[in-house]
């Protein structure tokens, strides 16, 4: 069954233009092509990023937080109690008064002690401001680094200024070393975010949106790698990262209660977000993926519909987040 599914997945008509097979993607005459098996390396690279994250949060973020006036609040742990711990995990974190009384009888202690135990146990679930600062610092560091690296990799490329150049010579476009490392770093980063979703600060409002976003990002980048849509892929990554580090910087100063700095950074982020995600992405990137391929092929391959479907889902997330940002801006401007 797996062998059959594998043959279906790698069927040339899904990925390649007419009369092109996987055999054409063997390195030759100075041309280097992306290989699907190279994506396996993103998993160990993700763990390397997690190690870098651990050291940067511990030895850079914490001293920086202290310099900005953020204190490390130590929470008091409740006394070990298997009965209450089991109830907390399996039944309810906020027991009613009658449930508290029942638990007090079961544990042979007072109602006040049970209420205090649950209060302290709930507090352990809430991330401290320092922990939030560390996470924001890591994302800020990566997005800033990837934005600078992306600009260095792209500024001298013709397709950075003329989007039509992304299709010139397709699918026989050679893979550049900068494109390889740009892809490996980005995919590995989103794998690392997925690996730590369970321990990172929970976002109640848009947790599911983040899961969908990370999976869509990994799927899109991996698919574009296999189909050699690397030129477009690097443009998509650059457009996304250039706004994100402003948001993470605003969060960091928000946690430090630098209100004016936070407000200024959030306004810059909002402008960058709307320019890159609401204007450039649909009218520049989506135009290149939906409209321009029809000039190069009269029979679009299945990948055309798969990739554009995922890009449209991504644009839907952009509109959803844009709506949230607009609500915050409206409150900021009109309600102070």
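A Cβ is built for glycine as well, from the same backbone N, Cα and C atoms used for every other residue.
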Name the residue range among 100-119, 160-179, 180-199 that TrEMBL annotates as transmembrane segment.
180-199
Here TrEMBL annotates transmembrane segment, and of 3-20, 21-38, 39-56 the range meant is 39-56
Pop the mean pLDDT for the domain 'Homeobox' (84-122) in here, whole number is fine.
83
